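Heads up, the thing below is written out as structure tokens.
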């Protein structure tokens, strides 16, 4: 009997999620076959190494940076796809010739929107780690997807999807979204004025890329996840509780109408949700070590300090507004986060910028009928955010 593997296309192959996904594929050749990779171009040597390890041809590789693409192409003996839309172009090319069964979108930021939409149009399952593309695209993106086509990779949303298997849609009472609290849990806003980019890059329980780590420190990441949960599970923002769980063992919970709460627990590793998303709805044996319940464990939960970390409440308000308002939240944060990393503004000012841009967002945000509406809203939000950052940086 011939074994049929799931063909996987990975976008963002050199990042934290992408490299772990490749490890899962390499460890499970009986389950997965890699049919292409895309990367930004900051690490062309790693792209070359990945392509060679999986015997990829140049046409199966995309690199956004032109110079890096040239280096990769020369090493692989051909021309690779390049340019700012390289990932989207790769999706369209692969899906037209040797279609992937699932596309893992692990790109960073809303630049992943085009690739998300291209994947949905192709009919492939979308294993989504690029939460920003869903937040920015909102209801427009969800309208392009058939039921069950988007499989979350975020550990929290993967946990929700797993817990939801325990009941029916009408039985769900509340969703509980857990947060580690980040490196500054327990700090006051005043204390955080002196935070450096190096401090913000040190997450207590997770190993992630720079932007995700910073977003976790401000709790913007948890705000994005709250918005994402309302879209993925078609639920109201007020039915989602956010609780701080520093141990990062419980990845999220579902409370049902009979008073039962189902939780998903596992050590803090992304390999389990990555493997599950690529092989959904089936689990991958040995994806990661399980918890050892013969040892003592202490799990704690506490409320979010909204005074010190207002990003979650901002996101809740944005989720209720819907339309392109979530795109404003994300775009303003991307600009403010970059400004902080460049030393132009202080740590608490990241969320201050997001909040102020949202206050005037009704002038340019609203219902999105197409991608152009989303991109126009993002562009205006970025412009306004940078104007504000310029004033703050003086």
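Numbers here mean position along the shown chain, with the first residue as 1.
Cβ from N, Cα, C; glycine included.
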Same-site Mn(2+) binder from 74, 92, 225, given that Swiss-Prot records 154, 156: 225
Cβ neighbour count within 10 Å of residue 154 (Mn(2+) binding site): 25
Residue from 131, 154, 156, 225 whose C-alpha is spatially nearest that of residue 16 (NADPH binding site), among the binding-site residues: 154
Cβ-centroid neighbours of Mn(2+) site 154, 156, 225, 8 Å, sequence order: 131, 152, 155, 157, 158, 177, 221, 222, 224, 228, 229, 252
Residue among binding-site residues 14, 130 with least C-beta crowding, 10 angstrom cut-off: 14
